[in-house]
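Q: Once you've had a glance at the structure underneath, I'll fire off some questions.
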Amino acid sequence: MLAVRSLQHLTTVIFITAYGLVLAWYIVFGASPLHRCIYAVRPAGAHNDTALVWMKINQTLLFLGPPTAPPGGAWTPHARVCYANIIEGRAVSLPAIPGAMSRRVMNVHEAVNCLEALWDTQMRLVVVGWFLYLAFVALHQRRCMFGVVSPAHSMVAPATYLLNYAGRIVSSVFLQYPYTKITRLLCELSVQRQTLVQLFEADPVTFLYHRPAIGVIVGCELLLRFVALGLIVGTALISRGACAITHPLFLTITTWCFVSIIALTELYFILRRGSAPKNAEPAAPRGRSKGWSGVCGRCCSIILSGIAVRLCYIAVVAGVVLVALRYEQEIQRRLFDL
């Protein structure tokens, strides 16, 4: 129940998703041929002991590549794109004496597809961070509904569990008799949890010492959150090496903007949550609506919200699959061919 239970976590998920989509768009469609590859070159008239220089394609220079594949084996599909932009060395006759023309001729000794490095490092970190943050959200929401939460006003009533309402409707409509076992179980769980929360707020150290499993669960939840955020922030801090000369300025600006927004959003929610008064008395329970309208309204709202969220998940997954199938050849052509 991501969209219903935690709007603050949904905000972060949306920003991470947008960051990944923008990065994927640049890798597949946005990168021009000048921003794809870098070449380790040496001037044609230079000695063999001259250091290699990494540079991107330059239309004012003539790049001469090796006529055959490297000794270690055939070129990878990613590297083949880079070698397709240069001329084979045996197809050009150089002057015997190095001159102005020879200084504009570069012998290519190695080529690297920077989009491959961008896909294997930055994009992979974003995807892993996205999944880890979703795992944190799922674990946190289950703990708010069934586990120990402090402050107490952060707890979610277990009676709102979707399976409880679904079981009651199925038993009433199809079996023609009320089914209340899940409801009684959730009520007992709510009473026990309120007692545990009071013990935890009174003495957290002793509470966690006698119940280490709860501490392990909370620790795993925090670990998932900070590792996910660390991976997202790491996408802006990792060194791109020689490939930095091929990335345009807007890619760097976009990366830092998304990383800053995600980090500041999480920091804001953490500080706002920590400033909430822990000794605040719980609000008085609202009066329950009488009649069929109140029962049906509350029941249907929770069920329909759960169904709507799950339909949104299915629609997103189906959309990604359909787009991948529709543009599969285009994506492969962008990544592997000219």
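Backbone N, Cα and C define each Cβ position, glycine as well.
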Q: Identify the topological domain of G241 and of L325 in Swiss-Prot, and say whether both name the same side of the membrane.
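A: Going by what Swiss-Prot records, L325 is on the same face of the membrane as G241.
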Q: By the count of other Cβ atoms within 10 Å, pick out the sparsest of the glycosylation sites N48, N58.
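A: If we count Cβ atoms within 10 Å for the glycosylation sites N48, N58, the smallest count is at N48.
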Q: In angstrom units, rounded to an integer, how far apart are the Cα atoms of N58 (N-linked glycosylation site) and N48 (N-linked glycosylation site)?
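A: It is 22 Å, counting Cα to Cα.
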Q: Write out how many residues of the topological domain 'Extracellular' (234-243) are helix, how many strand and how many coil, based on DSSP.
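A: With helix first, then strand, then coil, the topological domain 'Extracellular' (234-243) has 7 helix, 0 strand, 3 coil.
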Q: Go through the chain and flag residues at least 6 beyond the ends of the transmembrane segment (122-140) whose CB is under 8 A from any CB in it; none is fine as an answer.
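A: Tertiary neighbours of the transmembrane segment (122-140) are 2, 6, 9, 12-13, 16-17, 19-20, 23-24, 27, 217, 220-221, 224-225, 227-232, 234-235, 238, 255.
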Q: State the residues, same chain only, that lie 6 or more residues beyond the ends of the transmembrane segment (213-233) and have a CB under 8 A from a CB inside it; answer 'none' if no residue qualifies.
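A: Distant Cβ neighbours of the transmembrane segment (213-233) are 16, 19, 125-126, 128-130, 132-133, 135-136, 139-140, 143, 147-148, 207, 259, 262-263, 266.
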Q: What residues elsewhere in the chain lie close to the topological domain 'Extracellular' (234-243), defined as a C-beta under 8 angstroms and at least 6 residues from its ends?
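A: Hits for the topological domain 'Extracellular' (234-243): 38, 54, 112, 114, 117-118, 121-122, 125-126, 255-256, 259.
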